[in-house]
Amino acid sequence: MAATGTAAAAATGKLLVLLLLGLTAPAAALAGYIEALAANAGTGFAVAEPQIAMFCGKLNMHVNIQTGKWEPDPTGTKSCLGTKEEVLQYCQEIYPELQITNVMEANQPVNIDSWCRRDKKQCRSHIVIPFKCLVGEFVSDVLLVPENCQFFHQERMEVCEKHQRWHTVVKEACLTEGMTLYSYGMLLPCGVDQFHGTEYVCCPQTKVVDSDSTMSKEEEEEEEEDEEEDYALDKSEFPTEADLEDFTEAAADEDEDEEEEEEEEGEEVVEDRDYYYDSFKGDDYNEENPTEPSSDGTISDKEIAHDVKAVCSQEAMTGPCRAVMPRWYFDLSKGKCVRFIYGGCGGNRNNFESEDYCMAVCKTMIPPTPLPTNDVDVYFETSADDNEHARFQKAKEQLEIRHRSRMDRVKKEWEEAELQAKNLPKAERQTLIQHFQAMVKALEKEAASEKQQLVETHLARVEAMLNDRRRIALENYLAALQSDPPRPHRILQALRRYVRAENKDRLHTIRHYQHVLAVDPEKAAQMKSQVMTHLHVIEERRNQSLSLLYKVPYVAQEIQEEIDELLQEQRADMDQFTSSISENPVDVRVSSEESEEIPPFHPFHPFPSLSENEDTQPELYHPMKKGSGMAEQDGGLIGAEEKVINSKNKMDENMVIDETLDVKEMIFNAERVGGLEEEPDSVGPLREDFSLSSSALIGLLVIAVAIATVIVISLVMLRKRQYGTISHGIVEVHPMLTPEERHLNKMQNHGYENPTYKYLEQMQI
């Protein structure tokens, strides 16, 4: 019956846990853990999880899981354990009724009142980081993710780190994201207080999480202690037993002296607050006027700032122990964290395990770097964004204002110098004039150089943004083509975005050329061929991308009209640009030559119109197979190699998309779209419409004529070669030849020909 009652109580507790889980995840996790403790203990209902706390020179403390209060060591002898294994053994001794399997350092420090020394009546309050005694199978904590905060986790099966190391890792990870650590927990235990991973919640630095009106007093204290923990130091490694004895005796002597002074004065013992970050209490923890706690028990931001200043302004202290532990301390004179050797005990709180953790705590001691107020400096120091053009205009205006200010100052100095130099000889006045002319020339040269740098930076950023947008649009377009079954509406939307991205690149190139043409015609004439080549490549790349639609003929026919409209709009812009170039009298000859390179517009008709009797449903074509196209990483459509191409390519059967102007682009092979059985009746007209422009047709004809000429010449040479072996001249006979060789030479002189060689020559023809 007792077992049945216990099982019923456990089932009832689990049901309550499930009901509370939807309301508050952390409370549910804690309730479930306490219920497990109660079931494991078998004696009463647990209200707290088992924990122990240590402070050298004082008796160890542990939590009474039935009352939730801290109690001293029952034997009255145990104090300051040396290793994590000893901590685990002590947990098992204190809680024999529980199945303690591991220990873990707590995330937050706690304030323990009335902490007494062994065989002494003197008691004080100390803030320490306790150890949790884990019961049964390890269960990770349930973390609450407030609004605007983010949840992360890290798992590294190849490493096994202690709790404090993971704490440092997650703090640095949040700082890297520009956020602060809100809460964290451990994952996958691999040893005593060692784990394979962690989970954590990061919140924005300006995020202030308001406590709920129904939050209990314990939860409020945990939040306040969490703020205090942000400035806490790493716990040191456990020292040796000899170090423990030396330091414990020193602490005992100090406490006895203090106790005698208090008894002589007859004053009551006043509890103070000592911070406990290392394994031991330092002699100088309260050297620099520790901040008194607030009357309401909370720690204000002012108190925290004062405590950080007191910590980070201390000098490095090795301590009385003789271990060799590389640590970091904040050097106030240098404004950065510097290495030093820690002895293993004592010392002060300016003691950190890593440089990043040191800087995270003491960064408020570094005076902030003044932000640049000049728009030009701001432009160069910030990366490109959607406001690139506006920031460029502001920087250019600021550059012009700065140049005018410098010129006005030099002009004013020049005028003052001329007034003072009226009575000087002519040679000296001439030298003065040359000096100021050189200054003006240098300022103009400097302004031109700064403006050139600004323009080049702007162009590079714009080109990079255009390339990124085009790449993303092309990837989406190819992904839409690869979908099974392909959706015409989605393909058309992706194609519109891709064509729009290409058009933005075209307009940017045109506007830049027109601007250079208006400012510097000579430079425009030099870059004109490059601009025309780039525009031609844009059109070829667009046509090659459109030609991929022949892999899905049903979709191509359905969106044919919309594609024609897109091409007509872009062709109108291109014709306007060509006409604007031709109107320039300086470049008429070049424009007329290069304008012929631009292929005439042909509406997009990839397939002949199908009759109503012909079935145009998707089952006529085979959809692209996943794994044969883009899905393959090595041979896929998008997984192709990157290459820098500096000249126009020829459109061959591989349909390679290229790029010029030293812009890295992806090269796509249309054969890899794959999975289709090409039909000559449908593929032929498409390639003729897309790849055979007037200039390309002339080039092909020239190549064909050249090939035919080579073939004819080769045939003529072969025909002559048949009779080329007959020689009617006199051949000198070598005196050392055998009679057979001499006879063969005579026969060849009279027209003899080996029939075997003649047969082989005829076979080659």
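Our numbering is plain: 1 for the first residue shown, then up by one each step along the chain.
Any Cβ shown, glycine's included, is placed from N, Cα and C.
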Per Swiss-Prot, His163, His167 bind Cu cation; matching candidate in Tyr95, Tyr184: Tyr184
Do you know which of Ser79, Ser216, Ser295 is annotated phosphoserine by Swiss-Prot? Ser216
Swiss-Prot lists region 'Disordered' for one of the ranges 557-576, 597-616, 617-636, 677-696; which is that range? 597-616
Swiss-Prot feature motif 'NPXY motif', matched against 152-157, 722-727, 752-757, maps to 752-757
Correct disulfide partner for Cys160 among Cys123, Cys190, Cys202, by Swiss-Prot, is Cys190
Cβ atoms other than its own within 10 Å of the Cβ of Met186 (site 'Required for Cu(2+) reduction'), all chains, total 25
Over the motif 'NPXY motif' (752-757), what is the model's mean pLDDT? 67
According to DSSP, does Met186 (site 'Required for Cu(2+) reduction') fall in a helix, a strand, or coil? strand
